[in-house]
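Colleague: Mind looking over this structure? Questions follow.
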Amino acid sequence: MAPGNLTPVTEFILMGVSGRPELQIPLFFVFLVIYGLTVAGNLGIITLTSVDPQLQTPMYFFLRHLAIINLGDSTVIAPKMLVNFLASKKTISYYGCAAQLGGFLVFIVAEIFMLAVMAYDRYVAICNPLLYMVVVSPQICLLLVSLTYLYSLTTALTVTSCVFSVSYCSSNVINHFYCDNVPLLALSCSNTYIPETVVFTSAGINLLFSMIIVLISYFNIIFAILRIRSSEGRQKAFSTCASHMMAVTVFYGTLLFMYLQPRSNHSLDTDKMASVFYTLVIPMLNPLIYSLRNKDVKDALKSFLNKPCQSFKFM
């Protein structure tokens, strides 16, 4: 219950990316293009990896689920954000805010661990190629993806319930373009020690654990590539994981910039800019990163565009 006579909040106001009225329409079109490209690119990856017989491997199975996660992450954030650019009253209901936070956490945690799973997949492919189809069997792939979704859902429910277990009263203006836990907790009129501890502990453990998997995998991959004698062999081995390395670098680089900057330089405005990048820009870039540097995906796209009806017979 809210303390004293303060009225509990029933809706929140999202300040958005910028509070300047003259920027609302231009920003609407910028983010509409970003979201449109995100939907088209990720749906393209999902379709190609589902219908093309050459893309029925563990690597593309994981890539398909990364595309599903990227599409989900953007869709939780972008539609409401676009509506608010045009709305005079930029509100979101209390339960709508909780649902948006929960959805965001499901997909961001799933992305963190899907990138770790993909790093492990590349490690096995390059360091233990003879055992690849045994170690990364269809059953193991399904298990890894299922555990990723189950863990991200459990994390989202735990963190969201903690964030919304405190009281919100009087102030309801969120200095963000979506319902995120840090600016939300800043509005609470009750003790936030426990939810803040849960939020930062969860974020720290998830980032640390997934980064350890990624770093160990890529250290082993790099050493394995350096041991290959022929330059052609090294180039072929590197090309199989170059796209994933680029995606991992961009994603973790943004998160580390956000979480490791000095507290004196830390601000909610900086968080907003970083959030734009990993919730909207990275999901748009990932399909480009994986398709532009991947011959198999480009060949599958050409084949699909030439004979779209025939491609769907493989589904």
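Here the Cβ of each residue, glycine as well, is placed from N, Cα and C on the backbone.
So TrEMBL lists the following for this protein:
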DOMAIN    41-290  domain 'G-protein coupled receptors family 1 profile'
TRANSMEM  25-49  transmembrane segment
TRANSMEM  61-86  transmembrane segment
TRANSMEM  92-118  transmembrane segment
TRANSMEM  130-151  transmembrane segment
TRANSMEM  205-226  transmembrane segment
TRANSMEM  238-261  transmembrane segment
TRANSMEM  273-292  transmembrane segment
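Surface or core, plus neighbours and distances: that's what I need for these features.
Modeller: Along the domain 'G-protein coupled receptors family 1 profile' (41-290), the predicted structure has mean pLDDT 88.
Residues 14, 16-17, 24-25, 27-28, 31-32, 34-35, 38-39, 41-43, 45-46, 49-50, 92, 96, 100, 103-104, 106-108, 110-111, 114-115, 117-118, 121, 141, 144-145, 148, 177-178, 279-280, 282-284, 286-287, 290 of the same chain lie 6+ residues outside the transmembrane segment (61-86) yet bring a C-beta within less than 8 angstroms of a C-beta in it.
Below 8 angstroms of C-beta separation, residues 9-12, 14, 59, 62-63, 65-66, 69-70, 72-73, 76-77, 80, 144-145, 148-149, 151-153, 155-157, 159-160, 163-164, 168, 174, 178-181, 184, 206-207, 209-211, 213-214, 217, 244, 247-248, 251-252, 278-279 of the same chain, each at least six residues beyond the ends of the transmembrane segment (92-118), sit close to that stretch.
Within its own chain, the transmembrane segment (130-151) is flanked in space by residues 58, 61-62, 65, 109-110, 113-114, 117, 121, 124, which lie at least six positions past its ends and keep a Cβ under 8 Å from the stretch.
Residues 109, 112-113, 115-116, 119-120, 122-123, 126-127, 155, 234, 237-238, 241, 245, 248, 252, 255-256, 259 of the same chain, all 6+ positions outside the transmembrane segment (205-226), place their C-beta atoms under 8 angstroms from a C-beta of that stretch.
A Cβ distance under 8 Å defines the sequence-distant neighbours of the transmembrane segment (273-292), meaning residues of its chain 6+ beyond its ends; these are 17, 31, 34-35, 37-38, 41-42, 44-45, 63, 66-67, 70-71, 73-74, 77-78, 104, 108, 176-178, 180, 243-244, 246-247, 250-251, 254-255, 257-258, 298, 301.
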